[in-house]
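Notes follow the structure.
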């Protein structure tokens, strides 16, 4: 796999998360000032960088096949979750990522907290704004860090890091210059295709970890991306039709609640939010996670009882991973 494809995947993933963090940072800066926001965001970025370097160094001690299998499985959990959510949003079954609405909501929250007016001292106001900025960048940066480690840990670390840096820097500079959230970008569509691409990468790493050949390299990555995208879109469309039938008979389902994950301004709340974010990354949809891992477990068991090493055997097991994951995504997109 070339550095360009890894660079592109990291760039798109980092850009999506940077847009979310930027919305919160702008709300804080316009309500208070840029100084505490820069400090808070800077501390978060340094923390994420140190964590990434530490985890990257630890990954170097792991045997390559086990590393490929591990990062492939981790990337699959994150990518499949993104793919299911974005497909549901595109099908209008789940509330979309509306940055303008999030921006206004955070401004209202800051006004209620008194960050702009009721805090007694400037130091206290700066502390609250700085902690909130640190929290926003940490929460959204955690996903980027894990994706970069998953994309680059197995083969191309420099390309993955470069892609994440370019994507994040571009979004932040654009937001600072415009002094407003980036609302014109088709976030849901970008997230959908990015997730499908990341899931294809995950299949590539997983296959390598299991000792399976990956014919065609980038060609099969592109084909797998389209295959996963088709599965997710089909599942969301089937669910949309089912909801339409329910509404026609007087049964409706409530829309998703607006996210409030950046609430709270204390250090304790920050630590709790980070721990909760890590847990949600891999376990927010337990059935999705267990189903993806079950496919890998099935392939591993079948490999152990079929010692033949022919290309036909490799093709069968590779197809089992791709089809199995696609069916999991399709089924979860329906719910």
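Think of each number as a place in line: the chain as shown, counted from 1.
Yeah, the Cβs are placed from backbone N, Cα and C, and that goes for glycine too.
Segment annotation: TrEMBL labels transmembrane segment over residues 287-305 (candidates 268-286, 287-305). Note on TrEMBL: of 158-178, 242-262, the range annotated with the feature transmembrane segment is 158-178. Using a cut-off of 8 Å between Cβ atoms, the transmembrane segment (158-178) and the transmembrane segment (287-305) share fewer than three residue pairs, counting only pairs 6 or more apart in sequence.
Segment contact holds for the transmembrane segment (6-30) and the transmembrane segment (127-152), given three or more CB pairs below 8 angstroms at sequence separation of 6 or more. Note: the stretches the transmembrane segment (311-330) and the transmembrane segment (219-236) are in contact (3+ CB pairs below 8 A, sequence gap of 6 or more).
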